[in-house]
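**Q** Provided herewith is a single structure, encoded as structure tokens, for subsequent inquiry.
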Number of protein chains: 2
Amino acid sequence: MKQLDLFVISDSSGETALTVAQTALSQFPSLKVNFQRFPFIQTTSILNGILKLAGQKQALIFHTLVDPALSNLVITFAREHHLAEVDCLQPAMHTIQALTGEVPESVPGLVHNLTDTYFDRIAAMEFAVAYDDGKDPAGLLKADIVILGVSRTSKTPLSLFLANRNLKVANLPLAPQTQVPKELWEVNPNRIFGLTNRPELLRKIRQERMISYGLPVESAYSDTHKIQEELDYADQIYKKIGCLVIDVSNKSIEETATIIMESLDPKLISHEFDR
Amino acid sequence: MKQLDLFVISDSSGETALTVAQTALSQFPSLKVNFQRFPFIQTTSILNGILKLAGQKQALIFHTLVDPALSNLVITFAREHHLAEVDCLQPAMHTIQALTGEVPESVPGLVHNLTDTYFDRIAAMEFAVAYDDGKDPAGLLKADIVILGVSRTSKTPLSLFLANRNLKVANLPLAPQTQVPKELWEVNPNRIFGLTNRPELLRKIRQERMISYGLPVESAYSDTHKIQEELDYADQIYKKIGCLVIDVSNKSIEETATIIMESLDPKLISHEFDR
């Protein structure tokens, strides 16, 4: 297995460069990558020190530096020292400037500005935590999106992912032995999404949970017949509501979240999606 | 204000291209951008339909397509129809291939593979929700990171952000009138991070919370002297513990999270950071 040192250099937190690097590297599963992140790099002197280290390690550099002088320093150094580098920001900025004629601000970290949208996002995250797992049925009526599903259908991480996109999400577990709160029937069905999964996959996931809790692997919780009963019960509820049902088997959280965001009527949301 | 139509085209969820687009556009605050996301585009016929629409709208295209045939189709179409496009993935893949000699898998969505790391992340998110706001002091002893702070210092969103990086985070609110759980004194101080803020900023944030709750704006909760008392109390606790203190005033969640991740001793974590 090939080893690779990868430096992420950014004038802000480095999340963008890290995202691009991880997406590209996922296409090369045989590489073992040692990531090192250098955030908030905004001066030539500190950048020079990092580049020297990159030279010693023959590191691949992914960078997002809004100041062209700094990104050019990386590019020139890499060329002179036979290093590989990927500029994750300047090409996009050049394209936008050429298209619109606008001049970039060149201020690091603008994407994290403390704007209204940013505070909306924090509020949405707090909402998701407050109304996780059916904690308070009042949340069903205040939410942009209501997620339903039996145990271990990824309701919590899905709610948090959508919260990160400024959506207020409440989730409610379904189980045959418990009653759904009456508030559920007052929610617009277009806001409701029902999760389902294949029984055998759910069984495996639940067995793993039992192991992680140090509990016996075989129980009613991980019994295929009981699981099928639960899923049938959930299906009945979904039909009665008339909501969209998403099979999450072999779907990542991001994929399920994207399906929900694409299906959601924008008129049902009070704020912007992405920006 | 200039209007701009922006298409995000991806063979997976489109998160990477969206991240790059938002980071680049944050440098052009005068542009009003209308985002449209086209995820899971994996066939020429569907891609052609989207490109036609992009041509009609003269949209700027950000794309992440692992199949070179598809990304080349976008590039060729854009050139012929005088559209601007930014390829957020192929340049990085080319660089990695040239550097290592490895051939990419060219399978869409690999970054979302259901790997161990992925399940770790989901477990970390569930951990953050379970041990949010001092709900259960047992979490303090199981956590990779413990975050302390008075009300409204962004403990919850920070915990969730760190969870997204596979770190198990418990957070605990500090208030002079309540006692800290005895478990806190058993935690390694290097795992503990204390948040603080400027009193006047905290006051503004709390007043906004009161408004959003429909409560009177002026109360002990938003009184500057009371806030100063709370912050002094928190500072005493931080000194007693000997933990790192982070002033979150004018810092984004991402910035605070990055400072924590950079300060954390990797030996204190049982799993990998980023991959």
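Yeah, the Cβs are placed from backbone N, Cα and C, and that goes for glycine too.
TrEMBL labels come from automatic prediction, so no person has curated them.
Annotations per TrEMBL:
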BINDING   A:GLY149, A:VAL150, A:SER151, A:ARG152, A:THR153, A:SER154, A:LYS155, A:THR156  ADP binding site
**Q** Relative to the mean position of the Cβ atoms of A:GLY149, A:VAL150, A:SER151, A:ARG152, A:THR153, A:SER154, A:LYS155, A:THR156, the recorded ADP site, which additional same-chain residues have Cβ within 8 Å?
**A** A:PRO173, A:LEU195
**Q** At a 10 Å cut-off from the C-beta of A:THR153 (ADP binding site), count the other C-beta atoms across all protein chains.
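**A** Looking across every protein chain shown, the total is 27.
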**Q** If one looks at the chain holding A:THR156 (ADP binding site), which residues at least 6 apart in sequence have a CB under 8 angstroms from its CB?
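**A** In sequence order, the residues whose Cβ lies under 8 Å from that of A:THR156 (ADP binding site) (at least 6 apart) are A:ASP132, A:ASP133, A:ASN171.
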**Q** Near chain B by Cβ (under 8 Å): which of the binding-site residues A:GLY149, A:SER154, A:LYS155?
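**A** Checking chain B against the binding-site residues, the residues within range (Cβ-Cβ under 8 Å) are A:SER154.
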**Q** Of A:ARG152, A:LYS155, which of the binding-site residues has the most Cβ neighbours inside 10 Å?
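**A** Compared across A:ARG152, A:LYS155, the most Cβ atoms within 10 Å surround A:LYS155.
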**Q** Give the three-state DSSP assignment (helix, strand or coil) for A:GLY149 (ADP binding site).
**A** strand
**Q** In sequence order, which residues at least six apart in the same chain have a CB under 8 Å from the CB of A:SER151 (ADP binding site)?
**A** A:PRO173, A:ALA175, A:ARG206, A:TYR221, A:GLU230
**Q** Hey, does DSSP put A:SER154 (ADP binding site) in a helix, a strand, or just coil?
**A** coil
**Q** Let me know how many other Cβ atoms fall within 10 Å of the Cβ of A:SER154 (ADP binding site).
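**A** Result for A:SER154 (ADP binding site): 22 neighbouring Cβ atoms inside 10 Å.
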**Q** Fewest other CB within 10 angstroms, which one of the binding-site residues A:GLY149, A:VAL150?
**A** A:VAL150
